[in-house]
Amino acid sequence: MQSKLAASLVPIEEQPHYAFPVLVGDIGGTNARFAIIDGPNADARTLPILHTADFPTIDAAIRENVLPLLDAVPKTAILAVAGPIDGDEIDLTNAPWVVRPKVMIAELGFSDVVVINDFEAQALAVAFIDDENREKIGGRDPEAHASRLVLGPGTGLGVAGLVNARHIWIPVPGEGGHVDVGPRTARDRAIFPHLEAIGGRISAEQLLCGRGIVNIYTAIARADGRDPQARQPKEITAAALEGADAGAVETVSLFATYLGRLAGDLALVFMARGGVYIGGGIAQKIMAALKKPEFRAGFEDKAPHQALLAEIPTYVLTHPLAALSGLSTYARSPMRFGLSTDGRRWQA
Ligand SMILES: Nc1ncnc2c1ncn2[C@@H]1O[C@H](COP(=O)(O)OP(=O)(O)OP(=O)(O)O)[C@@H](O)[C@H]1O
């Protein structure tokens, strides 16, 4: 009775319908991942991951390395991008690509192009996730219909909420990766002056992404009076997991603490009793470090709300292509989601 009422409240003309084949794409600052869905009941077939730096434009990447692998030109493209969607030319925040849906329709042969935020796509994935695709790190069982939160360090730091209302899941995108962060402990107060302020402040993304790992590592060295070595994020996390370099070990420990603190703050904002999910490329690679006490301690240490946070479960998303899986579920059954396509859908 209740679900019939809910369905009747969603005007049918507001529920999009997509023609197959549908190409789904997750376009990050470093990696571009695609999958093709041939029909409403077909499995998504994932295509080889491309590096954005290897192609001058997204159109060249699709024309040269996606379309030749397909039996037919996709009718629909649903793309998730790391960047604000405002108009017909969508710039990626951390890469030189520009997504031009009108040009894609004219030159690549698509009839329908939808562009959403990449963490909105992660939120779609979290709506119907199962235990196989997540690893729990602390907390009680989630409340099935309570709000959820997904955040993920990658090339940048993405954040989205996921709210259940009127029996559908509504992703809430935002720029939560750019909130201010500040020092709490004496050690933080020694390290923070050595972090570069941008526009007079330190934002979460300056600590919680690939570049952020390097920033923490460098600031620790400077705080300790050492010249920092130039190292890649993956070299620092590999050295930390081997226990080979004290600066690297502390970097990953602080990264886990800072990620836990931010996740806890945002869980309070969303009252995320449905669970907090850590996506992005880095979390899966440092799972062992996130399972140590620092992450949950940072998450729960929120007086006067420690008891509330202690109950909220945190997970690492272990699906290797979570955003694509969310986009695929959405392409097949958009009516299960409250995803607005206003200003984000272009049709031939
Ligand atoms: N083992 C590792 N440890 C730490 N950082 C890593 C590791 N491997 C890759 N990275 C960093 O992860 C980042 C890439 O993350 P990801 O794979 O999520 O890419 P992306 O989807 O293109 O990013 P985004 O969606 O944030 O733009 C790069 O900054 C890279 O240096």
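Each residue, glycine too, has its Cβ placed from N, Cα and C.
Caution: TrEMBL annotation is automatic and unverified by curators.
As recorded in TrEMBL, the features of this protein are as follows:
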BINDING   GLY25, ASP26, ILE27, GLY28, GLY29, THR30  ATP binding site
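Overlay of TrEMBL annotations on the structure.
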residue: GLY25; record: ATP binding site; Cβ neighbours (10 Å): 27
residue: ASP26; record: ATP binding site; Cβ neighbours (10 Å): 25
residue: ILE27; record: ATP binding site; Cβ neighbours (10 Å): 26
residue: GLY28; record: ATP binding site; Cβ neighbours (10 Å): 25
residue: GLY29; record: ATP binding site; Cβ neighbours (10 Å): 23
residue: THR30; record: ATP binding site; Cβ neighbours (10 Å): 16
### Task
Could you tell me which of the binding-site residues ASP26, GLY28, GLY29, THR30 have their C-beta within a distance under 6 angstroms of some atom of ligand 1?
GLY28, GLY29, THR30
### Message
Taking DSSP as the reference, which of helix, strand or coil describes GLY28 (ATP binding site)?
### Response
coil
### Task
Report the residues of the chain - excluding GLY25, ASP26, ILE27, GLY28, GLY29, THR30 - with C-beta within 8 Å of the mean position of the site's C-beta atoms, for the recorded ATP site, in sequence order.
ASN31, ALA32, ARG33, THR52, ALA80, VAL81, ALA82, LEU92, ALA95, ASP118, THR155
